[in-house]
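As recorded in Swiss-Prot:
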TRANSMEM  1-21  transmembrane segment
CARBOHYD  Asn44  N-linked glycosylation site
CARBOHYD  Asn47  N-linked glycosylation site
CARBOHYD  Asn52  N-linked glycosylation site
TRANSMEM  67-87  transmembrane segment
TRANSMEM  95-115  transmembrane segment
TRANSMEM  143-163  transmembrane segment
Amino acid sequence: MLVLLAFIIAFHITSAALLFIATVDNAWWVGDEFFADVWRICTNNTNCTVINDSFQEYSTLQAVQATMILSTILCCIAFFIFVLQLFRLKQGERFVLTSIIQLMSCLCVMIAASIYTDRREDIHDKNAKFYPVTREGSYGYSYILAWVAFACTFISGMMYLILRKRK
């Protein structure tokens with residue numbers, strides 16, 4: 001049981017770390033001479049422009065920002081609730097509250113990555129002065145980490161739903 005508990009805790013912390021890196025790091029769309037994410041655009045590795053309200057489709061990027069932040073926060077809250085439930089639940093009960101919050105985190109990261117996937121081309125086309133060389137880019141590792149975090153939070157949420165507290 002102790003090994004299972006250690007695995008679940010490590011898996012949850014890994015999920016939270018993936019969410020944090022995907023949210024903060026600047027590599028959602030990358031190319032040879034640039035990298036961009038939902039916070040800023042950098043060309044030549046030195047010239048960075050912060051995305052603000054003068055940006056076309058800013059509300060779309062704000063939706064991605066908000067859902068990624070919310071996903072990270074919910075994942076952390078789920079971890080703390082799991083730790084509390086370890087000491088509070090009676091033997092044989094399930095970690096339903098932890099599961100629900102973790103699955104909400106999963107839903108938020110899925111929404112963020114889906115919005116970015118769907119709207120990326122429009123964002124780049126409408127902001128050509130900010131994205132002069134982005135046609136030759138591809139999805140970066142932060143974007144991929146967001147989708148990996150989606151899978152991890154989903155699996156984690158389902159584990160909590162199935163898991164029962166034992167002695």
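Glycine is treated like the rest: Cβ placed from N, Cα and C.
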Completion exercise
The correct three-state DSSP answer for Asn47 (N-linked glycosylation site) is strand
Completion exercise
Per the Cβ filter (under 8 Å) with a sequence gap of at least 6 from its ends, the transmembrane segment (67-87) is approached by 5, 8-9, 12-13, 15-16, 19-20, 22-23, 38, 95, 97-98, 101-102, 104-106, 108-109, 111-112, 115, 146, 149, 153, 157, 160, 165
Handout entry: For Asn52 (N-linked glycosylation site): DSSP state (helix, strand, coil)
Key = coil
Exercise for the section: Can you grab the distance from Asn44 (N-linked glycosylation site) over to Asn52 (N-linked glycosylation site)? Cα atoms, rounded to a whole Å. Expected result: 20
Completion exercise
Counting every protein chain shown, other Cβ atoms within 10 Å of the Cβ of Asn52 (N-linked glycosylation site) number 9
Problem - Local Cβ density at Asn47 (N-linked glycosylation site) - other Cβ atoms counted within 10 Å - result: 9
